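Some features that Swiss-Prot has for this protein:
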type	residues	note
BINDING	C7, C185, H211, E215	Zn(2+) binding site
MOTIF	9-19	motif ''HIGH' region'
MOTIF	243-247	motif ''KMSKS' region'
BINDING	K246	ATP binding site
Amino acid sequence: MKYIYVCGPTVYNKVHIGNMKPIMTFDLFLRGANFIEKQYLFLHNLTDIDDKIIEKASKENKTELEISELYSDFYLKMLDEYNINKPDYIEKVTDNINMIIEYIGLLVKKGSGYIKKGSVYFDTTKYPEYGSISNLNLNKTLDGDDDFKNEKNNPHDFVLWKKTKVGITWKSPWSEGRPGWHTECSALINHIFKKDQIDIHGGGIDLIFPHNENENIQNIALHGLSLAKKWLHVGHIKWENEKMSKSLNNFILADDFIEKYGNDTFRTLILNTSFSTPISINEEILESNKKISNKYQVTFNQANLLIMQSKKRQNEVETQKYLEKIAKLLENFEFSKINFEINLQIKLFNSVVDLDAANKLVECFKLLGFKFSSQNVSQKDLDLFLKWKIEKTNKNFKISDKLFLELKEKKLV
């Protein structure tokens with residue numbers, strides 16, 4: 001068994017497609033890994049307490065819990081809509097406060113944390129490994145805890161427990177307050193996996209510093225090891241070369257994307273790019289990926305129609321070899337090569353109506369997690385298709401044209 005953790009969103013608003021990219025990327029990776037029997041235990045978090053949530057609750061005259069539950073539910077709904085397999089654990093910070101307090105207590109007991117005016121800070125000066133994840137010039141880089149700069153012993157020290165009476169708070173041995181963001185993730189990993197080191201830590205590229213750096217150093221303090229064997233960072237989605245973000249108001253909400261382009265278009269988009277490099281999108285690129293997604297769905301349905309009609313036995317050994325090849329590409333994040341392989345099979349299928357190619361395509365689309373692949377072609381669909389072919393052969397074009405439109409609506413042609 002291997003262990004993977006992927007940082008989740010801060011649930012203060014509806015997620016946009018930039019928020020969905022990391023979880024979609026690792027969904028594809030895990031589908032490949034699981035197929036070749038490399039089993040991962042997958043932990044994903046939801047940051048459901050944060051200054052942004054408190055601010056939103058105040059503006060809308062709601063509680064922090066009402067805001068976080070609303071947008072947590074929305075995010076979980078989007079996982080389903082985008083056909084993303086649910087992680088083994090989805091943990092909310094607010095469900096784990098006592099555990100996080102205990103974790104901070106361990107760091108204080110170890111001498112890695114110090115207390116100032118009721119807040120607890122991590123002492124980065126004790127660990128020369130600090131900076132090893134980001135490789136940044138720490139003399140020029142601060143972590144952004146400006147509210148605490150007059151309390152910290154060192155500019156790079158970060159808050160483990162924040163003393164405050166603003167928003168939702170909890171009692172701790174040090175003060176009334178709430179945990180720091182950087183300690184929430186490392187505490188969850190330590191608690192759920194109970195391992196000194198996990199195999200993969202994933203998330204957006206913007207989390208390298210300070211978040212991943214600060215997660216990592218806490219694990220080094222407690223266990224003497226880097227938190228993860230591999231740190232994998234997913235590139236941003238940009239709108240016409242500008243980072244997509246709520247603050248810039250240049251984002252596409254996850255549900256709006258589905259309404260305009262379809263859920264499988266997003267999976268197609270991710271498969272057409274490198275996982276670690278930024279994607280710059282615009283209307284033309286999204287429409288192009290929508291066409292590719294539609295082509296894949298039509299191909300899937302036509303391949304199923306052929307399989308339903310055929311009495312020939314399928315070559316299951318060759319199909320299995322093909323799927324193992326695709327799975328290994330997924331596991332290695334070589335997504336663009338998968339599109340090349342799919343298009344080769346589509347070309348073969350279309351040129352000679354090849355049954356083996358049809359079977360490979362059907363199973364491949366299922367492996368890749370396209371939502372359309374969960375919908376089977378029915379006998380009624382096959383009857384409609386065969387009727388269209390008969391009418392077309394008999395040159396009853398008025399009838400065949402009408403049937404063609406029905407088939408097209410069902411994405412069978």
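Every residue gets a Cβ built from N, Cα and C, even glycine.
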| query | Sequence gap of 6 or more, C-beta under 8 Å: which same-chain residues meet both conditions with respect to C185 (Zn(2+) binding site)? | reply | Y5, C7, N45, H211, E215
| task | For the residue listed as 'ATP binding site', write down the residues of its own chain that are at least 6 apart in sequence and whose Cβ falls under 8 Å from its Cβ; none is a fine answer. | result | N13, H16
| note | C7 (Zn(2+) binding site), DSSP three-state class -> coil
| task | For the motif ''HIGH' region' (9-19), find every same-chain residue at least 6 residues outside the stretch whose CB is under 8 Å from a CB in it, and list them. | result | 46-48, 50, 52-53, 55-56, 67-68, 71-72, 74-75, 78, 236-237, 243-246, 251-255, 257, 266
| Remaining residues near the recorded Zn(2+) site, that is with C-beta within 8 Å of the centroid of the site residues C7, C185, H211, E215 | W181, H182, E184, S186, H201, G203, L207, N212, N214
| Is E215 (Zn(2+) binding site) helix, strand or coil when read with DSSP? | helix
| said: Looking only at the motif ''KMSKS' region' (243-247), how are its residues distributed among DSSP helix, strand and coil? | reply: 0 helix, 1 strand, 4 coil
| task | Run through the Cβ atoms and count how many others sit within 10 Å of the one on E215 (Zn(2+) binding site). | result | 27
| note | Across every protein chain in view, the count of C-beta atoms other than its own within 10 A of the C-beta of C7 (Zn(2+) binding site) is 22
